[in-house]
Amino acid sequence: MEIRALRTTNRLLFILALPVLFYSLQLLSFIFVPLFFAFFLALLFSPLMRWFTKNRIPKTFSLALVIAIIVLVFFSCFKVIQLSGQQMSRDRGALSVKFEEKVEKLVNPFSNTLGIEKSESEGVLEEIINSTYISDLMLSNVSVTFTFLRLTIVNTLMTLFFLVLFLAGSMNLKQIIQTTLFYGNTRAIKTFIEVESSISKFLKVKIVISLLTGIAFGIIAWALGISFPILWGVLAFVINFIQMVGSVISTVLVMLFAYIEIDNPGTLVLAAFLFSGAQVLFGAVLEPIFMGKTFSINIIVVLVMLMFWGYLWGIAGLILAIPLTVLLKIVLLQYESTRKLATLMS
């Protein structure tokens, strides 16, 4: 009887502590966001670091190589986006003409609402840019943009800092998971290996699927004559890490650009079919096959987690939502008392 009362008390205390926990996660997001990014990256590269150690490669060299790989990937993506942006800027004259032709009929009904006065000397695009409504909107978002860039740079540097600590052994992943999740019991070592292996597999599959999606987007854009195919491939690869929402965003973005460039309605329909088909093939067919039942998560759980972590941590929360949910499910599967809850998540 006393044991049952103690369990009830513990559950009530846990429920009462949840709001404090969530508030702390949001308040200290500048620490937790880069920490979790570094945690998952460390799990991804831990097998490579162990291989380096097994082959007696100096830890300093191994660490520098892993960091160089990560920096090279991020720099390459950034460079592609930058070069594509510069190319768009050079071609803005031709793009403006196409844009005006496509959106004139769409803009005219809303011209009064947007504060746009129609004139013969200016095109639709110039009228939109010069309108008071758009100017005020752009000025009001300048500070938001700079704040976002500053936070992105700070979070990136902190992520690299935590990643170096994890991979160098200063922050022992195995010890952290043993003491925080499994309280140092005898099953901790086996459980840690299972958790590490499962999360590593999940991240590898996600990276491969996102890479294949990006390659498919690039090839489709190139085949249909859509400008900047490499850009659309990179964007599809990056945004695809946001579960469900990312695939929709990347498809909508490339289709908006295709709408501007493609005049033939049949080709436009074909583009929509191919881009959507690529997302369905890789995201809805191949990804569940490669992931297996261990990583299968109910769509309602996915949506709830996306909203929850997105509310707490913004864009970073949307990216981390599914890895954190998968980690939670794997941990719940290790205990008999919580296995049913993990099953419900599927």
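Residue 1 is the first one shown; counting continues down the chain.
Glycine is no exception: its Cβ is also placed from the backbone N, Cα and C atoms.
Predicted, not measured: the structure shown is a model, and the values here were computed from it.
Counting only same-chain residues 6+ beyond the ends of the transmembrane segment (12-29), those with a CB under 8 A from a CB of the stretch are 312-313, 316. Annotated transmembrane segment per TrEMBL: 12-29 (among others), in sequence order.
Residues or ranges marked as transmembrane segment by TrEMBL: 35-53 (among others). Sequence-distant contacts of the transmembrane segment (35-53) (same chain, at least 6 residues past either end, Cβ-Cβ under 8 Å): 59, 61-63, 65-66, 70, 155, 158-163, 165-167, 173, 196, 199-200, 203-204, 316, 320, 323-324.
Marked as transmembrane segment by TrEMBL: 60-81 (among others).
As annotated by TrEMBL, transmembrane segment applies to 148-168 (among others). Same-chain residues lying 6 or more positions outside the transmembrane segment (148-168) and placing a CB less than 8 Å from one of its CB atoms are 30-31, 33-35, 37-39, 41-42, 45-46, 49, 59, 62-63, 66-67, 70-71, 74, 316.
Per TrEMBL, transmembrane segment is recorded for 207-224 (among others).
According to TrEMBL, the transmembrane segment annotation covers 230-260 (among others).
Taken from TrEMBL, the feature transmembrane segment applies to 267-286 (among others).
Residues 22, 25-26, 29, 32-33, 36-37, 40, 155, 181, 194-195, 198-199, 202-203, 241-246, 342, 344-346 of the same chain lie 6+ residues outside the transmembrane segment (298-331) yet bring a C-beta within less than 8 angstroms of a C-beta in it. Per TrEMBL, the feature transmembrane segment maps to 298-331 (among others).
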